[in-house]
Amino acid sequence: MKITHLLLLFYLNLSSSKCVSVSDPPPQDLVDQKCLLNQYTHRSCNKVFCQPWQKCVDGSCVCKLPYQCPKNGTPVCTTNGRKYPTYCHQKSFECLQPQTKFSNNGTCTAEGKFNISLRYGNTKAEGIVQVKLVDQDEEMFICKKSWSMTEANVACVDLGFPQGAFVIRRRFNIPGNLRINTTKCLHVHCRGIETSLAECTFTKRRSNGYQGLADVVCYTQDEGSPTNQSFRCVNGKHIPQERACNGVNECGDQSDELCCKDCQGNAFLCKSGVCIPNEYKCNGEVDCITGEDETGCDETRHPQIRENLARSDQDQGGETEETEILTADMDTERQRIKSLLPKLSCGVKRRTHILRKRVVGGKPAEVGDYPWQVAIKDGERITCGGIYIGGCWVLTAAHCVRPSRYHNYQIWTALLDWLKPNSQLRVQAVNRVIVHEKYNGTTYQNDIALIEMKKYSGKKECELSNSVPACVPWSPYLFQPKDKCIISGWGREKDNKKVYTLRWGEVNLIGNCSQFYPNRYYEKEMQCAGTDDGSIDACKGDSGGPLVCKDVNNVTYVWGIVSWGENCGKPEFPGVYTRVANYFDWISYHVGRPLISQHNV
Ligand code: 4AZ
């Protein structure tokens with residue numbers, strides 16, 4: 001790696017003194033139009049986590065088989081009277097065969113049926129919402145106060161309107177001769193991804209005053225003629241443009257919240273361009289795929305603590321509302337199931353030795369600093385770097401290897417200095433080499449290859465006790481231009497000087513790289529990285545090695561593979577890396593999904 005002297009630059013953080021604009025940006029500026037072309041929905045695992053009864057395949061959440069659900073939990077009953085061992089089993093079954101829906105937690109009883117209907121409207125698609133809960137005799141109404149587009153969408157989907165709700169709060173006239181006790185309405189809370197209102201949590205609160213009743217107009221073909229002011233959801237529904245990117249899943253398929261440059265209202269912007277409701281921040285569940293909604297959280301904001309705080313506030317404040325919970329909290333059950341799913345261990349270093357204060361710079365690495373870094377030895381020479389990704393698998397550049405030469409290669413793991421081999425060093429023979437079938441040696445497109453190491457005789461696994469796999473990024477939205485990442489390798493210095501010890505340096509991800517390499521840069525497949533002054537760059541011999549980035553939880557991902565670049569250390573020609581996230585499916589096809597899937601296995 002080529003490293004010249006570093007300029008110490010002090011940046012003033014001007015963001016805090018930035019002028020606050022008087023008016024919010026027009027809504028269409030919040031939406032990333034190019035991103036919309038991807039038609040992302042709540043089932044796009046590039047943007048969101050799948051449900052625990054789903055797994056991510058080729059960028060989409062698809063149904064898991066029921067046996068892949070965790071075993072423990074309580075039984076649930078469906079609308080057709082069938083019993084399932086857990087909520088996950090039922091949802092997985094429903095995902096495969098959508099006719100049957102959730103009815104209630106616990107066993108199935110003869111008379112117990114959840115029912116929802118719309119009353120006092122002119123059509124079947126509208127009216128005041130009436131429900132009958134499983135353990136309640138009476139039909140009840142829902143309080144307006146607890147009713148939002150989130151609940152309304154679930155109710156309409158439940159009633160057979162797949163595009164959800166059109167509007168809420170359209171007064172319907174209750175015939176004068178009917179005396180409805182409007183102080184006895186139910187409160188309901190949904191997450192928005194439920195397929196039945198029965199999955200939402202119902203509570204009863206005693207209240208003295210009059211409460212408005214929840215109503216809805218469900219979305220049908222006749223509703224919502226599109227205007228140039230409307231946002232078109234992926235499910236075909238049109239919503240007012242000003243409601244996109246506000247954290248509320250207005251579309252019902254979340255497509256109005258997944259391509260955002262900024263959020264408005266009560267919402268939080270994930271680095272991945274997704275708006276989530278502010279309430280999801282620090283609620284104990286990670287919602288942003290990039291994880292930042294659950295970092296830097298004040299302990300007292302944990303839900304249980306918050307609940308206790310709220311309770312003590314109530315005790316002191318004399319608020320008299322009593323809350324009676326009428327249905328099981330399936331959202332909490334969903335979170336519990338999620339926490340039981342197997343977790344992959346990658347990208348976290350084992351050692352905890354003292355961290356050096358210096359972050360920026362080209363420095364020799366120490367033992368355990370880059371436990372995913374490997375060296376590829378071809379005959380007598382170390383020719384390329386590689387990245388250990390788990391099992392017996394190493395990722396490298398296609399231009400580094402040839403499948404037919406596999407027996408000439410050795411993988412050196414936990415190596416630091418190849419003149420003075422350290423005690424941790426392991427040398428593995430190679431079993432096979434897989435080069436991407438669309439690798440183009442002229443354009444360097446798809447410059448990616450996999451090396452399968454040989455197991456030691458009699459061993460079932462590749463035991464690399466001094467190595468740690470880097471995580472394979474499953475989404476192209478995990479890191480963004482300007483993020484700081486690290487390159488490492490045994491490549492040449494600027495003056496073509498040979499390097500014997502592993503060296504590392506910090507670089508920034510660079511967007512818009514076509515300006516540096518017109519007609520040679522392929523955005524989807526490649527990633528540029530470098531520094532403003534070119535002082536840190538990959539060079540000859542670093543090829544095949546890692547460009548790694550750390551997420552907010554300090555988990556390390558292999559974001560790039562050193563691929564090519566014009567010269568070394570020239571700011572006008574940044575280093576070009578294979579964009580690994582683009583090859584997640586290719587990698588998982590060869591190494592097996594469970595080896596590299598952190599979520600949604
Ligand atoms: C090489 O020859 C090479 N500056 C690798 C990386 C870069 C240039 C050349 C990027 O392997």
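In case you wondered, yes, glycine gets a Cβ from its N, Cα and C as well.
According to TrEMBL, C200 forms a disulfide bond with C190, chosen from C185, C190. Of the cysteines C259, C282, C288, only one is given by TrEMBL as the disulfide partner of C270: C288. When TrEMBL is compared with the stretches 98-118, 308-328, the one noted as region 'Disordered' is 308-328. Here C233 is paired by TrEMBL through a disulfide bond, and of C218, C245, C251 its partner is C251. Restricting the average to the domain 'SRCR' (116-219) gives a pLDDT of 89. Residue counts for the domain 'SRCR' (116-219) by DSSP state, with H, G and I taken as helix and E and B as strand, are 16 helix, 33 strand, 55 coil.
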